[in-house]
């Protein structure tokens, strides 16, 4: 379905001399190669100018296709300057997620001012919602949100290992690591498991315009695992949501208790006078926000399975009770 994947996009190569005092014939290196000669970006800029000056506005499928081509062009053309020549950046969305997540976590630590924290929550959830809707509307696939989930889990584990682990008993420590292992394994299975090709034309398969193929038992396309949820990974996806919800709330609880312990020792007023959110509280806020989001997704999945209907079959007559629906879902 995606014709842009079938062709490589190459931009004009910038050459600079190895030394400015040496003639160009002595040897050149390809150093810069970043979004250069991108016809899709030029075309989008022309359309924006026409929209402002002449009132010619792109709408509907034409606008989505234009934005989709620009996103693919940027992802394919982006290069990293390197002494031996510009090199392609692997998984640009994953690196972008890591940098943005790191910047957001650092921004939260700067101030305890309530409007600042509220603005941080709005910025974090707002940009994730924008990317979520953009991936579904254009449509397009991206590793940004998958990497965001992975790096969020690793970041929370870093907060836990620094702030909670030194003062934690052996039993809760083992339980926390077992829960973390369950989350990592089920998340990896949800992302890595692919539908079988022989199931695409079978009964109960539904097409996905984002994946470009039919998925057996398709429930929905999840941008957080960058593929559809269907028979091939529905069980691992549900276990992942359950484990991540429990893990997020357990990390939030442990980090909040660690903050309370420090507040009793140092005094809450002394901590608050620094006008900076301490690491345990910052981690607890982020973990609680993630726990609320995953809990909503988990409840939606539980309702979907209990009614016995995927998103493709909404509105059909239900002839089984919720117990029979769960038994049938487990067997499939």
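Using N, Cα and C of the backbone, Cβ positions are placed for all residues, glycine too.
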Can you say which of 67-85, 86-104, 143-161, 162-180 is given as transmembrane segment in TrEMBL?
86-104
Range among 217-236, 237-256 that TrEMBL annotates as transmembrane segment:
237-256
Outside the transmembrane segment (116-138), at least 6 residues beyond either end, the same-chain residues with a Cβ under 8 Å of its Cβ set are 64, 67-68, 71, 100, 104, 107-108, 110, 144-145, 148, 210, 221, 223, 277, 285, 289
